[in-house]
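Accompanying notes for the structure given below.
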Amino acid sequence: MSSSSSSSTRVSQLGAASLAALLAAVCLLHAGGAAAAELSVDYYDCTCPDAYKIVQGVLVEAHQSDPRIFASLIRLHFHDCFVQGCDGSLLLDTFDGMESEKDARPNNGSARGFDVVDAAKAALEDACPGVVSCADILAIAAEISVELSGGPGWNVLLGRLDSFTSSKADAENLPGPFDGLDVLRAKFRNATLDDTTDLVALSGGHTFGRVQCQFVTGRLYNFSGTNQPDPSLDATYRAFLSQRCPRNGDGTSLNDLDPTTPDNFDRNYFTNLEVNRGFLQSDQELKSDPGAAGTTAPIVDRFAGSQEAFFSSFVNSMIKMGNIRPVTDPSQGEVRNRCAFVNSN
């Protein structure tokens, strides 16, 4: 080997060593700076660089046998962030007298996908033990679920820790399918979200997935105690739903939230609202409530006319929602080894 090539080799080796040292230093900053850290897109670049791909692989496999799973997973992220912030509290089982959010009325019997979150956590623990939080798994899974369903992708901010507690009482007050517009707006304000654009954009998550008959039978047969159907419900659509959800029928029977493209993430949720074909009362309220004319209805109109406008607002609102009270101080949270249990248990 010539003197010049030997020198080049030593320079290359020195450069590689310096790069490795730099990466190690960056990783150390990530590991040691959690108390003051903001959420960041590159949070796991050093400590678990394949985290996104690992979660994506688990979701793709789960979807092969469960076409509902993508919609179910984004719902878990919503319900987690609206209670105590985005801290994985929804995933905790009941223990030591603390009641699980899973048992609250909005979640019990309808929230699903916990097994897929557990599978993603197990795969991540195999690859990089003790690194990726369950709260971040929910955030990553929500983005993957939307994108793989034809919706927009976005850079997911990461670095959340998992809470030590959950709150069944707070989960009882999640935005619900029977809420009127004023109640919905108040709940979004209480969650530090905008009560018009964020409300309408995030409600657009109902553009895919399934819903049980029990959440529409009141609109079909006894709206607001009148023994009459909801007058805002399109008559043809009402007849269709009445066949699917007969009076005194099985309340757990499933229906498409969007009858036009039930598994696609698109603007059709809003085009359905335009013609009074929203499945849930809380959905149709965005367009048909008397107070919607100067608040939410114009946004519904805009999104119905432009998928690009919907996608752009949805991404912004998801990022805002993912930033609701994240735990980043290690004295206030942890990276759970199993999502259903705090590590001391």
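FYI, residue positions are counted from 1 along the chain as it appears here.
Quick reminder: no glycine exception, Cβ is built from N, Cα and C everywhere.
Bear in mind that the values here come from a model prediction, so they are computed numbers and not experimental data.
These features come from TrEMBL:
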SIGNAL    1-36  signal peptide
DISULFID  CYS48-CYS128  disulfide bond
SITE      ARG75  site 'Transition state stabilizer'
BINDING   ASP80, VAL83, GLY85, ASP87, SER89, GLU101  Ca(2+) 1 binding site
DISULFID  CYS81-CYS86  disulfide bond
DISULFID  CYS134-CYS339  disulfide bond
BINDING   PRO175  substrate binding site
BINDING   HIS206  heme b binding site
BINDING   THR207, ASP258, THR261, ASP266  Ca(2+) 2 binding site
DISULFID  CYS213-CYS245  disulfide bond
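For the recorded positions CYS86, CYS128, PRO175, THR207, a Cα to Cα distance of within 10 angstroms from ASP80 (Ca(2+) 1 binding site) holds for CYS86.
For CYS134 (disulfide bond), the same-chain residues that are 6 or more apart in sequence and have a Cβ closer than 8 Å to its Cβ are GLY88, LEU91, VAL117, LYS121, ASP162, VAL335, ARG336, CYS339. When the Cα of HIS206 (heme b binding site) is compared against those of the recorded positions CYS81, VAL83, CYS213, ASP258, the shortest separation belongs to ASP258. For the pair CYS245 (disulfide bond) and THR261 (Ca(2+) 2 binding site), the C-alpha distance works out to 20 angstrom. Other residues of the same chain near the Ca(2+) 2 site, with their Cβ within 8 Å of the Cβ centroid of THR207, ASP258, THR261, ASP266, are PHE208, THR260, PRO262, ASN264, PHE265, ARG267, ASN268, TYR269. The recorded positions shown are CYS48, CYS86, CYS128, CYS213, ASP266; of these, the one with its CA atom nearest the CA of GLU101 (Ca(2+) 1 binding site) is CYS86. Between the binding-site residues SER89, THR207, THR261, the minimum number of other C-beta atoms within 10 Å of a residue's C-beta occurs at THR261. Surrounding the centroid of the Cβ atoms of ASP80, VAL83, GLY85, ASP87, SER89, GLU101, where the record places Ca(2+) 1, the chain contributes additional residues within 8 Å, namely HIS79, CYS81, PHE82, GLN84, CYS86, GLY88, LEU90, SER163, SER166, SER167, ALA171. Across the structure, CYS128 (disulfide bond) and ASP87 (Ca(2+) 1 binding site) place their CA atoms 20 angstrom apart. A straight line from the CA of CYS213 (disulfide bond) to the CA of the residue listed as 'substrate binding site' spans 18 Å. For the disulfide-bonded residues CYS81, CYS245, the largest tally of other C-beta atoms within 10 A is found at CYS81. Set side by side, the binding-site residues ASP80, ASP258 differ in how many other CB atoms lie within 10 angstroms of their CB, and the most is found at ASP80.
Highest Cβ count within 10 Å among the disulfide-bonded residues CYS48, CYS128: CYS48.
Cα separation, ASP258 (Ca(2+) 2 binding site) to ARG75 (site 'Transition state stabilizer'), rounded: 15 Å. Considering only the recorded positions CYS48, THR207, ASP266, no residue lies within 10 A of VAL83 (Ca(2+) 1 binding site) on a C-alpha to C-alpha basis.
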